[in-house]
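Engineer: First the structure, which I've put down as structure tokens, then a few questions once you've had a look.
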């Protein structure tokens, strides 16, 4: 884009020569602008408030994925008047991921047609309905319905919230602000385990305790509806919708705050707005010349989504962006992390811990604490480098967990039943190894994939992010449905070794094709994939 006022950033990245490296030089160059070193001021109060209001979706995401762990060990016989089998637990868990996946095409089309904020509000409504349905359920089937409704909400929110934050955030702080959404997710998981432990220990077991656990998921959704009504729409979507003046006002609040009338601040706002307008205009022209503009011209959201899908596949840099985003999102789930979130209490019951939900809280706190570390590092170290540093710790933790399970003798019946022999040393090894694995995940793979919107140009950003998030939920569904059966078929040791092998393959692919995007504007980052080396050199 020859008129892009931030084009020197592209030149800085693409001029880096030499052997393949881990991306640290890219980060340094990305912080240079217009021929000099740019002073990076901290995000203003307004952008933090925006991030907080949107991040409540992450809290809901984390709560609803975390609370099922304590719920599964607390239900007893209160659903369908019988104990839950491994199949019951797998279906109750995996239906959330399945319906999150099914919701994504509709959420993606709706986000392009009606805006990012409206999709978040729609998801909040479903969070409330799903939480109340779960709390009132008397049978396994009704519980599955409630979890499925929550799944639709999670699918929509998990896709649109990081997109919404990324399109609002200043380039120099985008990684940190998108990571805030992950902080909220991990905080939601911690809250879920605390609530699960409180109601599991002090509530009425098998009657009302677990119902409070799932029902309380409606509270953050109500709060978000109230707060988000006062928040603006994404300026990039506003420009795309022909509302540039509204977009200017939003950019001014984000970039300038109280100094909006300062001449230099106005120039900065004009530069950002011009950059967005140029990209929108050039992409609209490209789509029109390619015959891809009819859906937008007719105002048909479904046709527009299909045209954007064709554009996503036809253009080389879009295909590459999709490949990388799907790789990261798939790896985030196929590494097995959410098997710990869904079944951690079941695992710790299996290996002999007397307070499995409380033990699971240790894992959730580790995840939260190291996500805070990622919050500090993500824009300084860079996305690529932080992945290449953290994945070896995940692999080591998984292999060590497999070793620890070799000391545990499990029953021949249900894999989720308590172990038949003590194996206290093995239990300690498993807990320590899981904490190492979770720490590595939280620093890198737990948050970097959600930077996916950086890779896509504006005309396919919503659709591309939706497809990548669909990959996440497809893999999530597979993990949720197969984890306990794999433990029974392969043994726990080999199941964790399998996840380690997947992480090792992912490491090689990331080293090969994932470029550094830290510090670049969304418009500049999308151009990296034009290079023959995918922008990694």
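Numbers here mean position along the shown chain, with the first residue as 1.
Cβ from N, Cα, C; glycine included.
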Engineer: In TrEMBL, which of the ranges 9-32, 177-200 has the transmembrane segment annotation?
Structural biologist: 177-200
Engineer: When you get a sec, could you say which of 290-312, 428-450 is annotated transmembrane segment by TrEMBL?
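Structural biologist: The range carrying the transmembrane segment annotation in TrEMBL is 428-450.
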Engineer: Could you give the mean pLDDT over the domain 'Major facilitator superfamily (MFS) profile' (50-518), rounded to a whole number?
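Structural biologist: The average pLDDT of the model in the domain 'Major facilitator superfamily (MFS) profile' (50-518) works out to 81.
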Engineer: Same chain only, please: residues at least 6 beyond the ends of the transmembrane segment (428-450) with a C-beta under 8 Å from a C-beta of the stretch. Say none if there are none.
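Structural biologist: Same-chain residues near the transmembrane segment (428-450) but 6 or more away: 162, 178-179, 181-182, 186, 325, 328-329, 331-332, 335, 337, 340, 347-348, 351, 353, 359, 362-363, 366-371, 373-374, 377-378, 383, 386-387, 389-394, 396-398, 400-401, 403-405, 407-408, 468, 472.
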Engineer: Can the transmembrane segment (212-231) be said to touch the transmembrane segment (321-345) if we require at least 3 CB pairs below 8 Å and skip pairs under 6 apart in sequence?
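Structural biologist: Contact criterion not met.
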Engineer: Take the C-beta pairs under 8 A between the transmembrane segment (386-408) and each of 90-107, 119-137, 143-165, 321-345, 462-484. Which stretch has the highest count?
Structural biologist: 321-345
Engineer: Could you check if the transmembrane segment (177-200) is in contact with the transmembrane segment (357-379), meaning 3+ Cβ pairs under 8 Å among residue pairs at least 6 apart in sequence?
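Structural biologist: Checked: the transmembrane segment (177-200) vs the transmembrane segment (357-379), in contact.
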Engineer: Hey, would you say the transmembrane segment (90-107) packs against the transmembrane segment (357-379), going by three or more CB pairs under 8 A that are 6+ residues apart?
Structural biologist: no
